[in-house]
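Structure first, commentary second.
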Amino acid sequence: MKRPKLKKASKRLSCAKRYKIQKKVREHNRKLKKAAKKQGISRKAKKDIGVPNSAPFKEEVLREAEQRKQELETLKEQNKIVKQQEKAAKRKKEKDAASSVKEPAAKKAKKAAKIKEARAAIVKVKSAKTFKCQELNKVIEASDVIVEVLDARDPLGCRCPQLEEMVLKHEGKKKLLFILNKIDLVPKDNLEKWLHFLEAECPTFLFKSSMQLKDRTVQQKRQQRGTNAVLDHSRAASCFGKDFLLQTLNDLANKKEGETMLKVGVVGFPNVGKSSIINSLKEMRACNAGVQRGLTRCMQEVHITKKVKMIDSPGILAALSNPGSAMALRSLQVEEKEESPQEAVRNLLKQCNQQHVMLQYNVPDYRSSLEFLTTFAMKHGLLQKGGVADTELAATTFLNDWTGAKLSYYSRVPERQGLPSYLSDAIVTELQSDVDMDAVKKGNENVKRSVRFPNLASCISFDSSGPTAGVLDVSELPKEILTKAATTTDAEEEKMDTTTNTDEPEAESHISSTVEPIQEPTEKRKDKPAKEVKFVPVNTDLTSMQNKNNEDAYDFNTDFV
């Protein structure tokens, strides 16, 4: 009986009814067991009694049983693998049958993509160097004053005789200046010797670029000045040599005839600090600068003052005739994948004092560059899978230290053996007459007093290989690259022509093949046959089934409804 205001009926029964149900269930189960016993069906699994201890060959019997068990397991595993292979072969067969129509178009598209990538890579290698040469020549032509930036750690190796000769022999009588950058990475005595050596040939300015500049737009700078906000003096606090360099450039601009601005071209090898000097003078990040070499790829004009405009230039291309150590520091062969980092480190370590390198990097004695890189990688945690030292990454990190603005090393000043062939006493006096040398020397002294120099014992001694030859004309580029690029492009074009002529009917399929990778998943779903749903009739009448199997089965519906 259903109770009022309740959804479920009560489960309470009288004791007579409950006992009667239990009795009928017991009788029913007893009859089922009796029938199963007649048919020989037993629900309980027979217990393995094992091998008795009194058996004479117990160990052999157990061993044979274990062997049979393993054989059954291996057989089961083999059957499983065979089934998986059959399923995989069946799927592959269906996939091949479905994609057999599209295979010619897909092959042609893949081949065309490979040819396009190869051609783009060749054009990139060919055009990058020629473009840099053209941009460097544009900077020299457009500039009134050429500033050659030299790394104070190796000033002689940063000099390019071809560039200096081109500037001094130019028809426009351009002025040449030297800037010794990164002076905080060399000992003071070594810096003074280099300054004395360079001042005998050209006016030289000491400079330390700022490393704390942030990206700030002109609008933000105007708002800061207009609101009289507190200036962030720490942004250019680490820059030294800016004031007297700007004063010299302003004096040269005042001496210039006409009202045009003085254009100052900043040139030098990669990663000597050209863009950093311009950013320090501008007091904001106007040019892209960083540890990576070759970031500047085209000329860029930056207005410093109302009278001075500086032009940033890409790095000078180093000629292949230079020694290996010079190419490791002054060229972009490692970045352009023309030389391995390990080979560059090997050439570089030959020119270094081994004891100084061991003290600087805190590594034990090494017999080869590979041993040094392995120890260096282990010490800095540069490991591959399995704990193997990643020597390539270690070599790249080592090169970044040498070309960046952190590692302190110095090169010895050579004995003077006269002026270079493109310089004379008259040219030197003319270069020095354009600049107030007393003010320059005074400014250099102030910079030396302000900068904190490293100790000689904490620096690495480096043997410079002398001036680095540069490539300034496109015709002076290695002909192997240009001829190789030309032949490969011609060969690829001929290959493309032959493929297009032989497969003319497939022109439309080539166009559609570019879209095929996007449509491929949907096509796979279409090709896959849909599973047929089979409806099996099932008799849901429990009473009829039970009566059919056993007429004496208990029925709750008939007795208790």
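Cβ coordinates are placed from backbone N, Cα and C, and glycine is handled just like the others.
Database features, via Swiss-Prot:
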BINDING   181-184, 268-275, 312-315  GTP binding site
COILED    53-98  coiled coil
COMPBIAS  28-46  compositional bias 'Basic residues'
COMPBIAS  76-88  compositional bias 'Basic and acidic residues'
COMPBIAS  521-532  compositional bias 'Basic and acidic residues'
DOMAIN    133-319  domain 'CP-type G'
REGION    28-58  region 'Disordered'
REGION    76-110  region 'Disordered'
REGION    486-532  region 'Disordered'
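Features recorded in Swiss-Prot, as mapped to the structure shown.
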residue: Asn181; record: GTP binding site; DSSP class: strand
residue: Gly268; record: GTP binding site; DSSP class: coil
residue: Lys274; record: GTP binding site; DSSP class: helix
residue: Asp312; record: GTP binding site; DSSP class: strand
Surrounding CB atoms that lie within 10 Å of the CB of Ile183 (GTP binding site), all protein chains: 25
Cβ atoms near Lys274 (GTP binding site) (within 10 Å, other residues, all chains): 28
Long-range Cβ environment of Pro270 (GTP binding site), under 8 Å and at least 6 residues apart: Arg293, Gly294, Gly315, Ile316, Arg330, Ser331, Leu332, Thr403
Pro314 (GTP binding site): tally of other CB atoms within 10 A of its CB: 24
